[in-house]
Amino acid sequence: MQPDLYRFVGRINVYSDLNDPVVRPLGSENLLLRGATLKNTEKIFGVAVYTGMETKMALNYQSKSQKRSAVEKSMNVFLIVYLCILISKALINTVLKYVWQSDPFRDEPWYNQKTESERQRNLFLRAFTDFLAFMVLFNYIIPVSMYVTVEMQKFLGSYFIAWDEEMFDEEMGEGPLVNTSDLNEELGQVEYVFTDKTGTLTENNMEFKECCVGGHVYVPHAVCNGQVLPDASAIDMIDASPGASGREQEELFFRALCLCHTVQVKEDDEVDGPRKSPDAGRRSAYISSSPDEVALVEGVQRLGFTYLRLKDNYMEILNRDNDVERFELLEILSFDSVRRRMSVIVRSAAGEIYLFCKGADSSIFPRVIEGKVEQIRSRVEHNAVEGLRTLCVAYRRLTQEEHEGVCKLLQAARVALQDRERKLAEAYEQIEKNLVLLGATAVEDRLQEKAADTIEALQKAGIKVWVLTGDKMETAAATCYACKLFRRGTQLLELTTKKLEEQNLHDVLFELSKTVLRCGASLTRDSFSGLSAEMQDYGLIIDGAALSLVLKPREDGSSGNYRELFLEICRNCSAVLCCRMAPLQKAQIVKLIKFSKEHPITLAIGDGANDVSMILEAHVGIGVIGKEGRQAARNSDYAIPRFKHLRKMLLVHGHFYYIRVSELVQYFFYKNVCFIFPQFLYQFFCGFSQQTLYDTAYLTLYNISFTSLPILLYSLMEQHVGVDTLRRDPSLYRDIAKNALLRWRVFIYWTFLGVFDALVFFFGAYFMFENTTVTSNGQIFGNWTFGTLVFTVMVFTVTLKLALDTHYWTWINHLVIWGSLLFYVVFSLLWGGIIWPFLSYQRMYYVFIQMLSSGPAWLAIVLLITVSLLPDVLKKVLCRQLWPSATERVQRSPSRPAPADTAPSPDWPLLKDPEPRPRRE
């Protein structure tokens with residue numbers, strides 16, 4: 001049973017004669033899914049498969065590796081640290097309790113004599129019980145509510161991407177999609193971007209440019225003295241007449257394109273189906289949704305060749321003389337990304353059997369034994385340098401005996417139940433050889449709007465961009481120059497099959513290493529971006545075959561290979577182009593960088609099914625909603641309509657997400673230290689009796705009501721710099737790189753700040769109470785008033801601390817921050833000012849009101865809040881003046897106008913449009 005949804009391997013024996021059954025192969029094209037209706041068929045031979053617990057759904061029910069962000073990993077590590085602190089506090093208090101009670105008078109004071117059963121209890125059991133009691137008393141230091149708040153922040157924050165009108169594509173009627181909210185902050189930590197070329201950097205909207213048949217070049221329009229004639233709609237030859245033999249090759253060439261295209265239409269199951277060609281006119285030509293096929297067939301139609309229909313394994317072609325040519329389809333050798341070619345075997349009306357093959361030049365030329373190879377190769381290379389996508393076409397005449405041998409070979413491979421794909425691939429290799437080269441085609445795929453600006457901005461942000469494509473090296477390199485991945489001064493280094501034919505892999509790698517390491521010291525100053533203003537920039541080009549050799553273990557049997565040397569070369573290059581890559585190799589490249597010693601955060605972006613593997617492998621996978629189906633978008637973490645939207649997704653949304661969630665995490669640990677450390681200190685003054693400093697209601701509502709909403713709103717709306725500033729200055733992205741705001745140094749600072757504030761709360765209130773504070777009516781403050789004073793100072797301090805950290809103020813911020821403080825005061829007045837009938841006792845009755853009636857208490861609240869906030873304020877002022885970061889320098893500088901081509905940023909979606917924008921149909 002195959003768990004792959006798109007694969008089915010089987011065979012069926014049809015018994016017309018009991019002793020001689022007919023064996024038929026079964027593949028995915030024979031599989032009818034539940035609910036499908038079969039029409040216009042008199043009878044079938046069928047069997048029910050994939051039923052019960054062997055359904056495709058059940059076979060695919062397995063745990064999928066979950067992607068976790070760097071922030072989440074840091075949170076878990078910090079949580080372990082605080083768990084150790086909790087255990088340490090409980091142990092210290094347990095030990096000190098028994099040290100304190102070693103004095104008999106303290107162990108059994110006259111007002112609290114122990115019973116006989118208490119005296120006889122086991123000492124270790126009592127100690128363990130006390131340890132658990134202290135664990136419960138101090139457990140509030142573990143910020144459980146932080147995880148709930150983080151999940152809320154991620155879920156609600158993900159709507160900001162979906163609501164972003166600037167990332168909505170009017171032409172496609174599509175906006176960005178968020179398939180997971182767990183990786184929002186990871187968008188602000190990306191160090192490597194791996195991008196596909198066709199359909200991602202380019203439009204994937206092909207335009208037929210020329211074809212070369214037998215060494216003769218044809219272009220879409222007539223050319224006269226270098227000028228294109230606007231009224232010439234057909235394809236015209238721009239060199240000498242092909243002659244009689246050339247005419248025959250020309251006819252074969254265009255027949256091959258039509259016939260191979262026809263089968264591709266039939267087998268196209270990734271798109272919605274074939275659509276009517278708008279240029280077909282009176283001829284009922286159909287073209288597939290593949291942009292390459294669209295361009296090629298439109299070009300062939302201009303020559304007068306048109307595919308009419310495919311029915312009952314017969315294909316009809318209308319040639320330029322308006323004669324219908326009928327071909328019988330005998331075999332299909334399907335396209336796959338490893339072979340990079342496909343073939344059909346047909347029989348003409350005259351009984352001649354042909355194998356027509358089309359594919360990439362690298363897969364066709366090695367199998368050619370005849371034809372104008374050098375002329376066509378030269379033209380292909382010329383077109384590739386111009387950035388055009390090329391395709392080669394070849395054929396082979398088969399005798400009846402050869403055809404029968406081919407049928408037997410294919411039948412044996414197709415009926416195999418084990419390793420069917422491998423056996424079919426081996427059969428295809430034996431069949432597709434000894435070909436006669438007919439010609440090549442060239443189509444143009446234009447660069448997407450603002451793709452070059454996006455790559456340039458990502459490089460300025462310190463992100464390395466790699467292009468992974470299956471295209472020819474020259475074509476891909478031309479695109480890289482057009483999109484500014486390679487610059488005019490970039491020196492290109494090659495690690496390709498052609499290079500390895502001249503030198504062995506070891507020598508090539510060490511030569512490249514010496515070249516790039518000459519300026520390694522200078523590049524190290526800016527190694528994160530790979531750009532250097534003073535030294536030579538290098539760009540590396542590697543192909544799939546060379547990559548396989550790099551990843552292959554050494555022949556001497558050593559466990560190591562050339563990976564580290566290859567990675568060292570890549571680190572010192574400003575950009576890398578990987579061409580002739582199979583889908584699996586794309587994933588291998590991403591995995592290689594992902595698990596290198598630096599463990600950088602990777603992002604993969606692509607638009608087709610062949611990009612799914614690298615999208616799933618990267619830390620963050622982004623699918624482009626393009627013309628190659630939606631497999632990439634469905635398997636990605638996020639989906640965007642255009643490559644240009646990646647710029648705002650990372651440099652703006654990703655930047656904000658990381659800033660907000662990192663502040664949220666550090667703030668939660670800080671405010672919980674402020675909350676529990678006074679409780680720890682209080683045990684030294686209550687004989688380690690596990691007496692709580694705060695009332696139960698305060699313990700419960702501190703994280704739920706009093707301090708929860710301000711940090712949640714902060715984590716959703718904070719903008720430490722403006723949207724236009726982030727878009728205009730991509731280098732600000734570097735300030736948050738490498739998890740900068742959740743490093744140990746920052747974490748320790750927040751923790752010690754919480755300890756300092758807790759010391760101020762507790763001992764400030766203690767020294768005020770030391771001289772027995774008396775209210776206006778002569779009453780003395782008790783322990784509940786002391787705890788309430790500490791709690792009041794704490795709530796105001798941690799809330800005002802967040803207010804000082806807020807840069808982006810809206811009416812919602814004001815409402816939540818000041819409203820939370822007001823809610824605390826109102827709740828305390830009601831909780832202690834009313835006799836509640838459902839409570840058996842009220843230890844807080846009139847406590848809060850009594851505290852506020854004392855002048856010294858008011859003075860203590862103001863002074864303690866000021867002293868608590870002062871160190872953090874001084875630290876920020878000094879750091880901004882003496883060691884300002886790039887972000888802080890931007891915050892101090894007056895705002896500059898946005899560039900002319902940059903639209904002003906709309907108000908934040910939460911304030912402007914609370915409802916998601918409806919999708920256009």
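Backbone N, Cα and C define each Cβ position, glycine as well.
Note: TrEMBL annotation is automatic and uncurated.
As the structure is a computational prediction, the values presented were derived from the model and not from experiment.
Annotation comment: TrEMBL describes 77-100 (among others) as transmembrane segment. Remote same-chain partners of the transmembrane segment (77-100), defined as residues 6 or more beyond its termini with a Cβ less than 8 Å from a stretch Cβ, comprise 106, 127, 130-131, 134-135, 138-139, 141-143, 665, 669, 672, 680, 683-684, 687-688, 742, 747.
Residues or ranges marked as transmembrane segment in TrEMBL: 131-150 (among others).
As annotated by TrEMBL, Mg(2+) binding site applies to D196, T198, D607, D611.
Look at TrEMBL and you will find D196 tagged as active site, 4-aspartylphosphate intermediate. Here D196 (Mg(2+) binding site) comes close to V467, L468, T469, K586, I605, G606, D607, G608, N610, D611: these same-chain residues lie at least six apart in sequence, with C-beta atoms under 8 angstroms from its C-beta.
For N610 (ATP binding site), the Cβ neighbour count at a 10 Å cut-off comes to 22, with all displayed protein chains included. The feature ATP binding site is assigned by TrEMBL to D196, K197, T198, E293, F335, K358, R389, T469, G470, D471, R580, K586, N610, D611.
If you look up TrEMBL, you'll see 633-885 marked as domain 'P-type ATPase C-terminal'. Taken together, the residues of the domain 'P-type ATPase C-terminal' (633-885) have an average pLDDT of 88.
Note on the transmembrane segment (697-717): residues 140, 143, 145, 149, 152-153, 156-157, 660-661, 663-664, 667-668, 671-672, 675, 787-788, 791, 795, 798-799, 802-803, 805-806, 808, 810, 812-813, 816-817, 819-820, 823-824, 827, 831, 844, 908, 910 of its chain, located 6 or more positions outside it, place their CB under 8 angstroms from a CB of the stretch. Feature annotation from TrEMBL assigns transmembrane segment to 697-717 (among others).
Under the heading transmembrane segment, TrEMBL lists 747-769 (among others).
The transmembrane segment feature in TrEMBL is assigned to 781-803 (among others).
According to TrEMBL, the feature transmembrane segment maps to 815-839 (among others).
Per TrEMBL, transmembrane segment is recorded for 845-870 (among others). If one looks beyond the transmembrane segment (845-870) by at least 6 residues along the same chain, the residues whose Cβ comes under 8 Å of a Cβ in the stretch are 756-757, 760-761, 764-765, 768, 773, 775-776, 779, 781, 784-785, 788-789, 792-793, 796-797, 800-801, 804, 828-829, 831-833, 835.
Taken from TrEMBL, the feature region 'Disordered' covers 887-921.
Positions annotated as compositional bias 'Basic and acidic residues' by TrEMBL: 910-921.
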Sequence-remote partners of the transmembrane segment (131-150) [C-beta within less than 8 Å, at least six residues beyond its ends]: 75, 79, 82-83, 85-87, 89-91, 93-94, 661, 664-665, 668-669, 672-673, 675-676, 679-680, 683, 690, 692, 699, 702-704, 708, 711-712, 715
Largest tally of Cβ atoms lying within 10 Å of a Cβ, found at which of the binding-site residues F335, R580: R580
Spatial separation of T198 (Mg(2+) binding site) from R389 (ATP binding site) - C-alpha basis, Å: 10
Chain residues in Cβ proximity to the transmembrane segment (781-803) (below 8 Å; excluding those fewer than six residues from its ends, i.e. six or more beyond): 667, 670-671, 674-675, 678, 682, 686, 691-695, 698, 702, 706-707, 710-711, 714, 757-758, 761-762, 764-766, 768-769, 772-775, 817, 820-821, 824, 828, 843-844, 847-848, 850-851, 854, 857, 860-861, 864-865, 868-869, 872
Integer Å distance between the CA atoms belonging to T198 (Mg(2+) binding site) and F335 (ATP binding site): 18
For the transmembrane segment (747-769), sequence-distant contacts whose Cβ falls under 8 Å of one of its Cβ atoms, 6 or more beyond its ends: 74, 78, 666-667, 669-674, 676-678, 681-682, 685, 781, 786, 789-790, 793-794, 797-798, 856-857, 860, 863-864, 867-868, 871-872
Rounded inter-Cα distance in Å - T198 (Mg(2+) binding site), R580 (ATP binding site): 13
Among T198, R389, G470, D607, which are binding-site residues, the residue with the most C-beta atoms within 10 angstroms of its C-beta: D607
